[in-house]
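This report concerns only the one structure given below.
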């Protein structure tokens with residue numbers, strides 16, 4: 001690491017200010033309003049007893065996610081996908097990523113025949129919305145599972161949540177690997193990567209894309225190292241927010 | 001008025017706690033996060049220089065609105081309209097109501113060939129979402145117009161905003177007219193009315209619906225009186241939030 | 001009332017020529033082709049034994065409505081909503097209004113587990129299409145209920161229809177309140193209101209909108225009075241058309 | 001031909017009662033409400049000066065058609081295509097057939113850069129709706145062309161309409177070829193054919209379908225003969241309705 | 001017939017080179033990649049035990065077809081119907097034609113409660129895609145039925161396939177009737193006809209359209225004669241391809 | 001590497017049989033039918049002079065891709081996305097991946113204001129369809145660029161293609177890293193990764209997903225090594241197919 005200072009004064013391996021407002025929603029079984037700097041995502045978990053038809057009778061649960069962005073979350077207004085009548089490829093891609101990331105830390109047998117849908121709605125965007133969504137969704141998920149246990153939809157001895165999971169973006173800008181890119185950094189990045197890492201430090205997803213020039217193994221390794229460290233930091237925030245075990 | 005006390009302890013002619021967090025959004029030209037008790041609506045105003053094609057060259061501006069609800073804003077989750085691929089009748093109806101209400105206080109000639117789109121996204125719903133949306137949208141609109149003036153898209157001597165506008169729901173429950181219904185009241189109301197009132201106390205919209213038994217003229221008058229008074233209160237909140245004239 | 005004479009020679013409190021061609025359709029269980037002057041709406045009622053899934057087993061029926069306009073019902077052609085692939089907000093709004101208006105005079109328990117869908121298709125439009133639709137739909141509904149009784153889907157002692165219902169538009173033009181606006185009047189109206197009134201003279205819906213300047217309580221009262229009288233006249237037409245109780 | 005008598009008393013080579021109410025619509029440039037027995041189709045022609053972009057600057061006009069059915073035109077109610085959000089194959093197929101049939105008798109150069117859209121809306125269906133639509137559409141088209149000539153959008157010496165066109169269904173029932181099938185006949189037909197024939201007796205479209213057993217050349221010939229004669233009869237009705245050259 | 005020679009050297013009554021690659025697909029229960037000259041259509045038959053809900057319990061099967069074209073099957077690229085979000089009229093029309101043609105040679109009682117869906121995807125288009133699709137679909141259908149019999153979904157003594165079926169296009173170019181039009185011929189044809197003919201030489205479908213001038217009975221007869229002979233040739237190809245009775 | 005033998009007899013680091021049928025399409029400016037064992041993808045490149053509106057006047061070209069699967073490409077039939085009226089998330093995701101991968105080896109300035117759309121249609125699927133699509137798309141792209149140069153849409157001295165690109169899947173099965181997974185392997189893989197690698201051995205995309213247990217850095221490295229070697233092999237096939245410089 002060099003002592004380069006970024007536009008917002010951060011070190012290259014430093015996260016933006018992270019806040020997690022757990023239990024933001026009065027209605028949802030679990031919820032969190034998470035901020036990664038100027039990126040704010042409202043994550044709500046909806047718990048339903050029962051599973052989709054294709055899973056019925058297998059003794060297993062289901063966790064899925066939907067991601068969306070408010071029309072003026074970004075610098076200029078985007079048309080609503082509901083008005084356009086179809087969901088864009090980017091939205092689909094991110095929804096699927098969040099769902100897979102969460103399922104990686106859930107034991108579906110232990111969850112039993114219950115379904116949890118996590119909605120991640122970006123209220124304000126400044127880069128890293130999908131990683132903030134995953135990180136916040138974990139908190140909402142944890143509370144929804146706790147709710148299900150209290151309501152006896154989940155067995156008292158079951159432990160559906162087998163690990164924590166967090167995500168962060170990393171990228172190379174002017175040849176320098178950096179952690180948790182803000183929007184102004186993201187658009188300048190030559191390589192952009194999102195890593196999803198469990199509490200044990202294992203990878204759930206690694207998605208690296210050369211936006212400019214292709215990247216080599218050494219750069220990839222540097223990015224992964226930054227990402228794993230960033231996710232460990234995020235885990236600390238997650239655990240702190242879940243500390244006073246509430247409902 | 002009787003001295004009936006409501007579920008949440010309010011008098012029949014009392015608003016819920018009203019808060020207006022002006023300038024909530026870092027990106028929008030005007031914005032407000034408004035709460036009517038448990039109902040929370042994020043209103044953002046997007047200013048564009050220019051007008052839709054059908055209005056071009058007429059020297060007039062345009063103001064329109066889109067209303068939507070997050071899937072878990074309510075007690076049980078609703079499917080996203082983007083996923084369903086179409087917008088429901090209720091959403092359409094409310095978007096149109098908000099747009100008409102705001103246009104009633106805008107002098108389109110004075111606005112000039114500029115377009116303002118107001119997005120009202122319900123983050124949490126507890127009755128009265130459309131009236132909170134109109135009331136908050138006014139604040140976002142006022143700031144967007146101010147922004148347009150600063151940027152010289154609007155003439156320095158122009159006064160596009162010719163009045164204030166606010167809205168509130170009223171209804172009859174167990175024969176008793178009440179102001180600003182929370183969800184538990186709304187579902188029990190025999191008659192449900194939304195009134196949109198200008199700062200001068202004139203009506204922009206009156207929408208009364210018999211949910212149970214039809215209503216008579218006397219009941220209608222009682223509801224209108226309550227609504228006008230409620231909108232005057234809301235105006236005080238709007239003006240207070242706009243007080244320290246923005247940036 | 002003044003002695004102002006309107007474009008078509010009517011007095012301010014006079015309906016246009018009203019005709020109701022009951023039983024227009026050979027197939028529907030109830031039907032009426034209604035005209036309010038140049039506005040012609042074909043209303044058909046389709047009776048189905050059984051109710052939508054969400055209502056099953058509650059011993060109650062359901063009445064709903066769909067409104068639409070033929071593409072060349074108006075002065076210039078509109079694209080078909082089926083071709084556009086989505087229903088516009090205005091269509092949705094009016095369909096919902098018709099449904100609510102009819103349900104206000106139906107005792108759902110007495111209807112039993114039966115569903116009546118009323119289709120209101122505007123064949124020609126000259127203002128007041130939604131009010132003509134409601135007024136004609138009542139006639140179609142009455143015959144469909146009678147059909148259900150004959151077919152023994154409805155108990156012989158049941159009286160599902162607890163009142164009549166009619167609707168009319170009223171508006172203020174050049175400061176003058178007027179009844180049943182034709183299209184040329186409608187576009188000039190400062191305030192536009194639709195009132196839906198039962199046979200007992202009670203309100204089911206009051207929807208007033210300031211198209212130009214906001215309106216005050218005195219104007220509102222004048223409009224309501226005109227509307228109630230107009231609906232009483234319409235009721236006479238409805239009852240006359242239903243007179244020779246036939247099928 | 002045998003002396004078989006049909007359900008409704010007609011001879012095998014006899015049309016149902018044909019009525020053409022020309023000029024039904026107050027707004028359209030040409031219109032006709034046509035009945036083939038219980039089948040009633042409202043045909044309106046909308047004239048626009050100018051052509052679609054893909055035809056601009058070629059000195060040629062365009063004629064197209066859209067067919068649709070009201071939800072309760074048939075014996076049991078069909079969901080609206082606007083509500084389903086998509087147009088069915090049958091609707092598409094018939095719209096295209098009507099358009100092709102009309103274009104076969106229009107000289108597009110003589111029409112000049114003008115567009116005529118014919119809407120054919122089935123108000124009541126009892127078999128043969130597409131053939132009634134074509135036959136009525138011709139009348140609406142003729143009047144719209146006349147309107148264009150009066151308005152000088154079409155040259156005074158131009159003759160865009162180079163022939164008449166009519167259509168009728170024919171079919172084989174219990175081995176017997178029959179003309180102009182009513183619905184009860186249509187569902188029993190082994191072979192079903194629609195023929196579109198010009199005033200000179202030439203074919204524009206021949207669409208024969210074996211609904212039951214495949215058919216041979218002799219049967220095909222018998223059907224074509226019946227169809228050509230039926231179209232000649234329909235032409236007499238068309239010309240009669242156009243007689244008192246109106247606007 | 002004259003001794004006119006066509007662009008590609010064929011006689012007027014000569015098919016293009018026909019190839020049928022039976023069993024092209026490793027997954028489908030029946031399949032064929034058929035070529036009519038440069039037109040290549042992949043036909044796959046999917047066999048499902050069971051029928052759609054509307055047919056359940058009637059002891060009858062169902063055969064249906066879907067036709068589509070790859071975006072660059074043609075000379076210039078067409079947008080995908082999946083991207084446009086709706087199916088065009090031409091696609092609908094052809095899918096329905098293929099389905100009807102196949103059902104004409106299937107005894108649905110003998111098929112039993114089984115469903116066969118035939119997908120016909122045009123990989124490359126050079127005129128006559130719908131007729132190639134029908135001709136190839138027959139081969140795929142035959143193999144799928146054989147598969148159903150082997151799997152005992154179809155009774156061992158049942159003969160669901162009661163005849164063969166093939167289709168070919170015919171048209172009049174410069175006054176000359178010609179068989180199996182290539183694209184360059186198709187666009188020049190005054191009259192265009194598709195005939196679907198069974199092995200016994202009977203008609204299933206006759207669809208003739210005047211693209212330029214209307215046609216008379218003599219021309220129609222000439223086209224039908226050519227078409228019937230062409231279908232007999234195609235039948236020989238079909239039977240040859242099915243010769244070594246597949247698994 | 002161990003000497004484990006796979007279901008199809010391959011070594012763990014061995015590709016399936018690769019075939020590239022260059023110039024498969026008679027119409028497209030570039031095309032290839034590529035097989036990775038039982039996976040067959042038809043790739044066609046459509047060249048258009050000009051760029052989308054948002055890119056006009058910037059002197060740069062555009063390359064994009066659309067991926068789709070025939071309904072019976074897989075073991076059981078999937079509904080068509082055109083019939084469903086919307087594109088699934090998986091389709092969107094893969095289309096975007098192919099587009100990004102190709103753009104990584106194109107110099108958009110050198111391409112000039114030209115657009116190339118690559119359609120990748122899966123005719124038969126047996127795992128690895130996205131990687132086969134990318135690998136085949138490169139061949140189609142190369143020929144389309146050559147076509148553009150011949151037609152002088154691209155400058156004679158321009159070299160838009162700055163490298164080759166290929167893709168392959170890798171995964172861990174029973175703890176063993178393996179190259180180019182067939183479908184039966186893919187469903188059993190604990191970790192699944194797609195790597196897109198340039199001719200110089202640099203990464204364009206790395207997308208690793210834990211399907212079962214999360215993976216560690218050592219496993220990730222083993223997979224990347226396999227993938228890079230596999231892409232080098234694929235490059236040999238690409239270059240061989242492009243050898244006899246086209247048309």
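Using N, Cα and C of the backbone, Cβ positions are placed for all residues, glycine too.
What TrEMBL records for this protein:
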type: DOMAIN; residues: B:14-144; note: domain 'Exoribonuclease phosphorolytic'
type: BINDING; residues: B:90, B:128, B:129, B:130; note: phosphate binding site
type: DOMAIN; residues: B:163-229; note: domain 'Exoribonuclease phosphorolytic'
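Structure with TrEMBL features highlighted.
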{"residue": "B:90", "record": "phosphate binding site", "Cβ within 10 Å": "14"}
{"residue": "B:128", "record": "phosphate binding site", "Cβ within 10 Å": "27"}
{"residue": "B:129", "record": "phosphate binding site", "Cβ within 10 Å": "24"}
{"residue": "B:130", "record": "phosphate binding site", "Cβ within 10 Å": "24"}
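Secondary structure at residue B:128 (phosphate binding site), taken from DSSP and collapsed to helix, strand or coil, is coil. Using the Cβ center of B:90, B:128, B:129, B:130 for phosphate, the list of other same-chain residues with Cβ within 8 Å runs, in sequence order, B:67, B:94, B:122, B:125, B:127, B:131, B:132, B:133. Here the domain 'Exoribonuclease phosphorolytic' (B:14-144) is broken down by DSSP into helix, strand and coil counts: 42 helix, 43 strand, 46 coil. Helix, strand and coil counts from DSSP across the domain 'Exoribonuclease phosphorolytic' (B:163-229) read 17 helix, 30 strand, 20 coil. Whole-number maximum of the Cα to Cα distances across the phosphate-binding residues B:90, B:128, B:129, B:130: 13 angstrom.
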